[in-house]
Amino acid sequence: MDGFRVAGALVVGALTAAYLYFGGRFSIALVIIVGYGIYCNEASGGSQDSQEKLDLNKQQKKPCCSDKKIADGGKKTGGCCSDKKNGGGKGGGCCSSKGGKKGGCCSSKGGKKGGCCSSKKNIGDNENTATEVEKAVNYPVTVDFTEVFRKPTKKRSSTPKVFSKNSSSNSRVGKKLSVSKKIGPDGLIKSALTISNETLLSSQIYVLYSSLQGAASKAAKSVYDKLKELDELTNEPKLLNLDDLSDFDDYFINVPVENALYVLVLPSYDIDCPLDYFLQTLEENANDFRVDSFPLRKLVGYTVLGLGDSESWPEKFCYQAKRADHWISRLGGRRIFPLGKVCMKTGGSAKIDEWTSLLAETLKDDEPIIYEYDENADSEEDEEEGNGSDELGDVEDIGGKGSNGKFSGADEIKQMVAKDSPTYKNLTKQGYKVIGSHSGVKICRWTKNELRGKGSCYKKSLFNIASSRCMELTPSLACSSKCVFCWRHGTNPVSKNWRWEVDEPEYILENALKGHYSMIKQMRGVPGVIAERFAKAFEVRHCALSLVGEPILYPHINKFIQLLHQKGITSFLVCNAQHPEALRNIVKVTQLYVSIDAPTKTELKKVDRPLYKDFWERMVECLEILKTVQNHQRTVFRLTLVKGFNMGDVSAYADLVQRGLPGFIEVKGATFSGSSDGNGNPLTMQNIPFYEECVKFVKAFTTELQRRGLHYDLAAEHAHSNCLLIADTKFKINGEWHTHIDFDKFFVLLNSGKDFTYMDYLEKTPEWALFGNGGFAPGNTRVYRKDKKKQNKENQETTTRETPLPPIPA
């Protein structure tokens, strides 16, 4: 090595001299010489270190691994490297040979309990030994032998199936990995491994579906019947309509039974439908930090069957089923069978039966299922796709996903009620005129009655509203509750917030008036219409913003109310006490209603079936807003009584009144609106209270309010509508009730621009409207149905007697 360094030095010196001789710079030559010197020094130091390591290795091996001759003196104790001739010592040293009874840490193959470095041949290569010795010298630690003498565990004979979102994972997971989680730096669970020990055949199967036109309903019934035929099933399957569920959380955060298994049959619509709200709920639950991670891991499993039209809508083929499958998986559900996609045009019933048969065979597999969820899988797949080729993907694969490749509920804005939708057809059939894409107007039966002189609405008795000049309208056909007494029959959309296209308020009002007047014109040829009332009906004076849906959901509700006032139309706004922020910002209205349909949290959920989880807190906040921010408004609590649901606890109702302090409390018995099978409502005629029962409830309610020192009393009634009015005694001026409204004075005050309250536009309540007088408006003739039927029967009998028999033919 020294010879090479000398030769190198001579070469470098010669080159440097030649460089300087031909005019080179001295500084550069100096740098070259210094650099070469440093290089030689480093090379010399490295070789010296290597030699020291080898010497150290030899020194360490001598006492621990000496040969047979040196080990002759270790007969009794068996030295460090005692050999087989001398018995190796009874204790068997740390490097005892195969004769040792207890092989040490480096024993050979003869040791009964081989040590941590046992081997059939030599201990190892010199290089590995040198590295270990160096570590031992620099970092001296105590050697841990606890893992050395542990008995090896037996392997499982069978391994559960693993369903993973990451297809590249083929590892077999043992029984001990029943639950594992990976927690990210933000404290949230990024991945999890869950196991179901329930056998599929012993589970309780729920076939869940959503349907607008009946195809999905028939398909779900077919799946249900097919699964019901399985003799091996322990429990009979159950068939449920998603649209009839009062609370999705009972099934998709909690589970109805411990061994629940879901089979979802879902169509895909290009229009707004109840399925949109279901998907929105799943997405919110998956992204809600207040909801436990993976709540649906309590399920035995789930699978989804999607129905669609791959010919007409290839880009949206089964996209809602894909979304449901995605979000249920994100919530921790175990997919027991692949997502099914059936084209109803080309496949139809045959494909549904084929998918169901394969599902039935899968249910017979009793092996436990492990499902692996990894939140990073989506992002990793997206990165791989982004780094791949620029070829266009299949439209079926990208349908229903956002720009980032993940499912999103806000990727497309739909119309609330499209003209080609079943919802539009159902509403039209029920007598509504749909305005734009989300508003509606309908002529009230009391409007027809007053035009014919057969009576007026209860608002005439209680507040002086002329029914023949009142327009019932809603700027939002969607609602945030699914009340059991609602007459919408499940046809209207539901949502917690606005997610549709928005029509301008000017457009809604203009077309609402046109629609209302067109329906009034249809009354022109009806017998008994009073000409004077018919003429005035074409000048709308009042607008009841109720009808169906939730008007306060409309984003431009304040502008719409102001447009009504500009046309001299009063505003009667009804809300369901579920939107406190919108209620806080509402402008001046003629009268503000808040529906209080139950006095307790449990009963309110049972009656209103609200969509919000914090529905009770929202209602309480709305009551506080009425007492504070909106205390200048003329406020009314509206109670709809349903026997067997909310007529029990008057004390709890009094608590709510004490919290909100409304000016009036309007109590009305529920009206039965036909069959309730369409929207899952449990109401029958047995739940409709008689007028006497309503009076009894109102008297008990008033007594409880007075007992608490709240100044309320029974003021007016409309017995025909099963309706009574409790009013604050401040409206009883000089011993006379003033519950009616002076509408002309209201507009004078409104146009003046000055602040005013509800006490500034009062009008005396007429005698016929007071409690005890029935509330039937004069100038009308009440027609009793029983008498009408009796009279019609008598007229028919008279006609039969007077009509001569036809002549006998020749």
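Just so you know, glycine gets a Cβ as well, placed from its N, Cα and C.
Summarising the annotation, Swiss-Prot assigns FMN binding site to 211-215, 304-337.
The [4Fe-4S] cluster binding site feature in Swiss-Prot is assigned to C479, C483, C486. Cβ neighbours of C483 ([4Fe-4S] cluster binding site) (same chain, under 8 Å, six or more residues apart in sequence): D597, V607, D608, R609, T640.
Here Swiss-Prot flags 104-116 as compositional bias 'Low complexity'.
Swiss-Prot lists 159-172 with the feature compositional bias 'Polar residues'.
According to Swiss-Prot, the feature compositional bias 'Acidic residues' maps to 374-397.
Following the DSSP three-state reduction, the secondary structure of K496 (ubiquitin cross-link) is coil. If you look up Swiss-Prot, you'll see K496 marked as ubiquitin cross-link.
Taken from Swiss-Prot, the feature domain 'Flavodoxin-like' applies to 205-360, supported by sequence analysis.
The annotation domain 'Radical SAM core' is assigned in Swiss-Prot to 463-713 on the grounds of sequence analysis.
Residues or ranges marked as region 'Disordered' in Swiss-Prot: 86-116 (among others).
If you look up Swiss-Prot, you'll see 156-176 (among others) marked as region 'Disordered'.
Here Swiss-Prot flags 374-407 (among others) as region 'Disordered'.
The region 'Disordered' annotation in Swiss-Prot covers 782-810 (among others).
In this structure, of the recorded positions R334, K496, the smallest number of CB atoms within 10 A of the CB marks K496.
Across the structure, C486 ([4Fe-4S] cluster binding site) and S211 (FMN binding site) place their CA atoms 20 angstrom apart.
According to DSSP, S211 (FMN binding site) is assigned to coil rather than to any helix or strand.
Calculated from their C-alpha atoms, the gap between K496 (ubiquitin cross-link) and C479 ([4Fe-4S] cluster binding site) amounts to 8 Å. In the three-state DSSP scheme, P314 (FMN binding site) is classed as helix. Sorting the binding-site residues V304, D309, P314, C479 by the number of other Cβ atoms within 10 Å puts V304 first.
Counting other Cβ atoms within 10 Å of each Cβ, the binding-site residues A324, C486 show the lowest value at C486. Counting only residues at least six positions away in the same chain, the Cβ atoms of S217, A220, N241, D243, P267 sit under 8 Å from the Cβ of S211 (FMN binding site). Note on proximity: of the binding-site residues V304, P314, Y319, S329, the one nearest C479 ([4Fe-4S] cluster binding site) is Y319, by Cα distance.
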